[in-house]
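As annotated by TrEMBL, active site applies to 133. Residues or ranges marked as Fe cation binding site in TrEMBL: 90, 132, 136.
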Ligand SMILES: [Zn+2]
């Protein structure tokens, strides 16, 4: 396992549409292990593969309660709304937070590291994080859709 360099905005890889994963092999497992290490080392709650320079549809997250690996994820159901309950941030955009309108509840369908399909329904911060990471896989950053962007302040939690 290893910590990889985090790509910062405005690197063009952050604007690409990431490609589907078709091989669930040791390269993918190494990427996932490294992304996990990189996320925890950076005190992030989620990181998507393009943020470590790999344009594939992969993200990992841990908002505090459980660790998730998602390959080829999609949101299949959503409801409700959240807005400024959490300032949103990004490991690729240090120093900025924003208020972003998101679904309050999402159900995600994804594959695990061995290619098995699973579904996960979450709300609140976890739901925000999933939507943020999925945006990364489509080349979208929170600063594109935030209704307000402001300097990150100490003591406020971001994703
Ligand atoms: Zn991000």
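Every residue gets a Cβ built from N, Cα and C, even glycine.
Worth saying up front: this structure is predicted, and the values here are computed from it rather than measured.
When the alpha carbons of residue 133 (active site) and residue 90 (Fe cation binding site) are compared, the span between them is 10 angstrom. In the three-state DSSP assignment, the secondary structure recorded for residue 90 (Fe cation binding site) is coil. When each of the recorded positions 133, 136 is scored by how many other Cβ atoms sit within 10 Å of its Cβ, 136 comes out lowest. With all protein chains in the displayed structure included, the most crowded Cβ environment within 10 Å among the binding-site residues 90, 132 is that of 90.
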